[in-house]
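First up is the structure itself, then whatever we jot down about it.
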């Protein structure tokens, strides 16, 4: 019986996900430990036009926000669809995971995940073209994330010329 009660009272929103930062400096155990104590969230699927003020307005509803770091294209130095939100307390971050993860911001469903802690340099996209890796391969047109994916944009002019003959 107690096993069933534990399952009912578990809070999957604040559990640590399977995702791990592949660039983390340290071993898996250290990363797990930091994630379980973290006050920092990675927030993805933001519009390229979402402002720091919009992020602050939403995420401050769950607790006192220490700082927000907007993700930047490492080449253009423009927003590229993600950010880090640091809270003063773990409780504030847990509330955001419970109540804000999966909600809409700037007409997009955002996703939040635990982060082991922001380190300088992580604000830049890791894609080959400077933005996020996921935007490199996207085939659909998404005006809030810069149109077509970077690789699709490179092939579009050739396809357009081929289709005119």
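Cβ coordinates come from backbone N, Cα and C, glycine included.
According to Swiss-Prot:
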type	residues	note
BINDING	19, 42, 111, 112, 113, 114, 115, 122, 123, 124, 125, 126, 132, 133	mRNA binding site
DOMAIN	39-117	domain 'RRM'
REGION	144-165	region 'Disordered'
Across the domain 'RRM' (39-117), what are the DSSP residue counts per state (helix, strand, coil)? 18 helix, 31 strand, 30 coil
CB contacts for residue 113 (mRNA binding site) [other CB atoms within 10 A, all chains]: 16
Local Cβ density at residue 123 (mRNA binding site) - other Cβ atoms counted within 10 Å: 16
Count the other Cβ atoms sitting within 10 Å of the Cβ of residue 115 (mRNA binding site), across every protein chain shown. 23
